[in-house]
């Protein structure tokens, strides 16, 4: 079906071929939750022995599926994942809990796995009761259709206002044996740390115990999904989970029980990169985004201060509209540094747009060239770098510009 | 001169007649700082004995005039105020300090009052050196032209992207003698607590000592200028000052030395109302604003928590675009409650749009009527009220919607 809005100009030019992950099968279908004529529910089946870890929204009003996943995560075992788009099952009160329980029950019946090893995620409108009974008619078909090659279709089925499916994959050595990591994600509004994207799922055949997997994921999310922002709004549904089938053990991969295991180094690095790739894809599909912006802060008192200042810049509507207008308005960057609440000394500040230093020692760079800077702002990818000159704290966050299309999309979302 | 953009539809339908304040004279002129063909500098002269108090931006990168005012405020005495628009003299390094010193020197020469009793404020573009020498050619004329009736013209001269001048006045009893309070303000972007508006000046003939005046102002700002937000961006220049000439003492008004003086009650209340009136006018002229939104949070753990949640709602781009789209999207209000970081229990939440309860007990109100709520959202003034059901904390903040015009205005501000 043709998307209602054109694909983001920042979308990757091509999608990678997604190899099968041993022990994972996908199936997507149309349950008619909200959208007509497109897939809106995905079932992922895992072989026995699959471990799981997760990171969820910090919202004080999380969705019913987030509560469900948190409760099931303790055992660290997963056999199935059900994701629907079109309805977030958030702020649905007692009905929300009932819908989650019914979804798990229907899935358990269709798959013959215990409800405690079934994970659920929903994304879409908040506050509408989720008609979970509609899953009943499709789950049996999905179980029969489940196939190792369905991951790209799954990435498509979980989209809401996303304009393109988001996938990433890597193959990496684990104790002399190649293992695969693949992930999918969806945005597109309500993107801010913690968590950043609304939904992302990562799958691997590496044999990694649940607690080690959790350590890797919690570490990897900091510089990726927790370092992106579209509009500073944090969703009630944000969910990032990783599922490890361990199937590569049959090919000789070592079973990893500790995140500090040196054999895990390459895997951990590949996972970090994959999470960053998916996180960037989410930003590049920010509603109405036309520019991809990297905001780096250096020389802060510490990394925490650097990140807070970077987020203050990246979330500032005035900075974001200036980028949209291709205006190298570094005065607004100063404003955003000043409002962040962290230590900053006006007369030590330097600001770069790309390679051009626009301000230094608390004032406009003597060599500032409006023409050169304006030419730079026409690029699709913009870098804003602020040096505070106070310490060694450093952080980078990624965001997009704020355009009229963002207002248009979000001013008319429900109808 | 015709404004570049139409006057905000939320502008007051009429402006009050502004009575003269005994002991205050105004003059506005054109120094050609940035704008052509309009006034951009205002001189306010105060009779001897005038006291002063002020509240300034919390930005870590304040403008040079803010530094200047803070330094002069200690003595609590004022004889002159110079305000220019078009250039904020912020992030101008050593040049900014020189510009401030030159402005004070030129003013001191033209007025024969010491530089330590001269206050300065600048608003406009950040990072451009302020050509303060241009004030030299106009200050002499301004001193000669200064007149008790120039306050409305002063309100006009300090405008930047404002679409209308903001004035308010009140006459109130002080110990049996009527005294007058009048104020002016300008916005319009970078509006967030603390401070909220970029510039506001209040004048009175009441005889109130500087320390008592400071107490009144610091108290009054909490529920007014520090309870409004347009875009969550805090300016480097935000300045609110009050000047009290004490001239009403000649008509028998008592000299007030203590903010707790019971004779001050009516004055304090009138000042609070005037600050709120000006703060509301600033929001109603928020860039691109089409709707005026009051966000009330009740039943929070305490007032601080209530205000933080209210600001989270009022600053949420998704809430603000929904209001712009006349969409009663209370799901986004839930999201904003959830992300505020304060205690909230999903299943106790109730949300009202106007008099219509849209959600209760953590889910959509059983009596929810999409038609009634949609009709309400067509109003120019919108009230969003959230009950948390946890305690007695309460706060109201005011904001405007986020429209395409905001993006348009701020995406093309410098050019």
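The backbone N, Cα and C atoms fix where each Cβ goes, glycine too.
In TrEMBL, annotation is done automatically, which means it is predicted and not curated.
In three-state terms derived from DSSP, residue B:287 (substrate binding site) belongs to neither a helical nor a strand segment and is classed as coil. The feature substrate binding site is assigned by TrEMBL to B:160, B:186, B:197, B:287, B:410, B:415.
The active site, nucleophile annotation in TrEMBL covers B:197.
Listed binding-site residues B:160, B:186, B:287, B:410 compared with chain A at a CB cut-off under 8 A give B:410 as the close ones. Taking the binding-site residues B:160, B:410 in turn, the residue surrounded by the fewest other Cβ atoms inside 10 Å of its Cβ turns out to be B:160. Residue B:410 (substrate binding site) falls within a helical segment according to DSSP. In this structure, residue B:186 (substrate binding site) is part of a beta strand by DSSP.
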